[in-house]
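Lifted from TrEMBL, the feature list:
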DOMAIN    A:60-309  domain 'Nucleoside phosphorylase'
BINDING   A:Arg100, A:Arg144, A:Leu145, A:Gly146, A:Thr147  phosphate binding site
BINDING   A:Gln223, A:Arg225  substrate binding site
Protein chains: 2
Amino acid sequence: MAPILTNSAEAIVSGQRDDLENGIVRVKNPHLASMTEDFLYHFDLGTKTHNLQAMFGDVKFVCVGGSANRMKAFAQFIHMELGLNGSDSNIMDICAGTDRYNMYKAGPVLSISHGMGVPSMSIMLHELIKLLHHAKCCDVTIIRLGTSGGIGLEPGTVVITGTAVDSFFQPQFEQVVLGKIISRSTELDKDLAQALLNCGNEIADCPTIIGNTMCTNDFYEGQGRLDGALCSFSNEEKLEYLKKAYKAGVRNIEMECTVFAAMCHSCDLKAAVVCVALLNRFDGDQITTPHEVLLEYQMRPQKLVSMFIKKQLGLLKYN
Amino acid sequence: MAPILTNSAEAIVSGQRDDLENGIVRVKNPHLASMTEDFLYHFDLGTKTHNLQAMFGDVKFVCVGGSANRMKAFAQFIHMELGLNGSDSNIMDICAGTDRYNMYKAGPVLSISHGMGVPSMSIMLHELIKLLHHAKCCDVTIIRLGTSGGIGLEPGTVVITGTAVDSFFQPQFEQVVLGKIISRSTELDKDLAQALLNCGNEIADCPTIIGNTMCTNDFYEGQGRLDGALCSFSNEEKLEYLKKAYKAGVRNIEMECTVFAAMCHSCDLKAAVVCVALLNRFDGDQITTPHEVLLEYQMRPQKLVSMFIKKQLGLLKYN
């Protein structure tokens, strides 16, 4: 196992100590301060072409998810839930100049798509964290709202990630930097997870638990599915692996949580992962649940996170 | 290094020997034949809901690329280039039921987006290879048309991948399957690469080379960029890594080629990777070239692949 780079092991760059004290989102890159321009290529936004502080300075919550349609729907939903002025149908894609990601803003909430898999999430997060830093955003909470495969759960169960683990059930994110493997901690904010669980428990028909979430780099072989174009293992071997995962506390599998947890942790961003399980992998591999039922499942993380945001903003009381 | 699974080391499943002989696209999964239905979730297409053979049986060329807009533009371009009937503006997204991928068909050419990074490419390829197999497609050639960062190249140079290598410059794709690391060969078709190079050489203002392509799992730290949200190395360390890559024959860096090469090789699909270099990484990290110039660069792989397809179909003569 590669050494774990803890926050304290990474240099706190001059000037960033101030950022930490006043809650401004930090970057962990000493080179950034000396750049005369920073163009966020995959957002089609830049420090010279856009007034990022005016556009994003009031952001307090960033919600991210794989699907562009889902994140647009979430922006419209939270716009309505927060009782913001104007029609939710007027919410425009801020990244319309590129088709890599979609970004929507509803008051203090930013809603962004990140595509599928660790690399796609990682590009988005690099540019998002820089954007929040350039915009001098303070005290930001970031939540991934996703879909996942459940292990030993009723389909439709919402899993709030306790610990994000890799395919070996380890709480780490390994990455190659300049030809060397480095490993980062995937620690998530425990208080935030508990606050989200409490919200889930208040919503009718929204079974919610805290459990470990496994992140894989492949949906088929990588998650022990028997129905990909390639498969070289038996049903028994698959079930043995899923049982081992269950025993290690894994309750759902998706494809982004480790890099999300690691990068947010490195930059001291409060982060959580809230995914609904679309199926129970002990029962099969294919997602055959009717479309309307899947849509209702996908609304559950949105409702839960909306309740959390409303409570944080004082629009709803804590029980 | 994990053991390399060669094609011969993977079992040829009963019935697939016939597929091999008559050129039908093969899967390497003994479980698939016994499934009564196969629903390709991320395409929103299925064997029970769609007549895949009627829809796709005539496909001979599959072109894939990261961006949905670019792959739509390519479908319209190749429609026009092949002189197909009907207006190119009528080409519809076959995967309109989902926003995970976009798919367009122009005669024998399928054009599909795969998003960014290995996991997103891998999901798409699993479902694409199954689709081609279910549709009984024969003698299919698959080409990735992409963008990349160049090493020691003039921006705008088109690189046809000789060998797809990982971040350690090795010609392999490593993947975790049931908690074990397996490694697959990333061999690509040499004759196809040469035929594509010949096309590039016939096109004016389209500098084209064959070189090694490095695949990384991150765009910033993973490619030695100094401008991400996280960076813990110096400009000198970065340049040292890029020089090592150059010395190993690497001429460009992108984020999908190893899994693309490995999966196509495993399923005996003729495959090639054709990427334009948007910048020379020895000169910097940010992509600041004007939008119009970038658009012209991105057309170069499209023109090159279009010429190749027209020659293969007998619409253009080989020199």
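Don't overthink the numbers, they just go from 1 along the chain as shown.
Quick reminder: no glycine exception, Cβ is built from N, Cα and C everywhere.
Automatic, uncurated: that is what TrEMBL annotation is.
Known features from TrEMBL, placed on the structure.
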residue	record	Cβ contacts under 8 Å, 6 or more apart
A:Arg100	phosphate binding site	A:His42, A:Phe43, A:Gly115, A:Ile123
A:Arg144	phosphate binding site	A:Cys63, A:Val64, A:Gly65, A:His114, A:Glu256, A:Cys257, A:Phe260, A:Ala271, A:Ala272, A:Val273, A:Val274, A:Cys275
A:Leu145	phosphate binding site	A:Cys63, A:Val64, A:Gly65, A:Arg70, A:Phe74, A:Val274, A:Cys275, A:Pro301, A:Gln302, A:Val305
A:Gly146	phosphate binding site	A:Gly65, A:Gly66, A:Glu254, A:Glu256, A:Val273, A:Val274, A:Cys275, A:Val276, A:Pro301
A:Thr147	phosphate binding site	A:Gly66, A:Glu254, A:Cys275, A:Val276, A:Leu278, A:Tyr297, A:Gln298
A:Gln223	substrate binding site	A:Gly149, A:Thr216, A:Ile253, A:Arg281
A:Arg225	substrate binding site	A:Phe219, A:Cys231, A:Lys238, A:Asp285
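Following the DSSP three-state reduction, the secondary structure of A:Thr147 (phosphate binding site) is strand.
Taken over all pairs of the listed phosphate-binding residues (A:Arg100, A:Arg144, A:Leu145, A:Gly146, A:Thr147), the Cα spread reaches a maximum of 20 Å, rounded to the nearest whole number. Listed binding-site residues A:Arg100, A:Arg144, A:Gln223, A:Arg225 compared with chain B at a CB cut-off under 8 A give A:Arg100 as the close ones.
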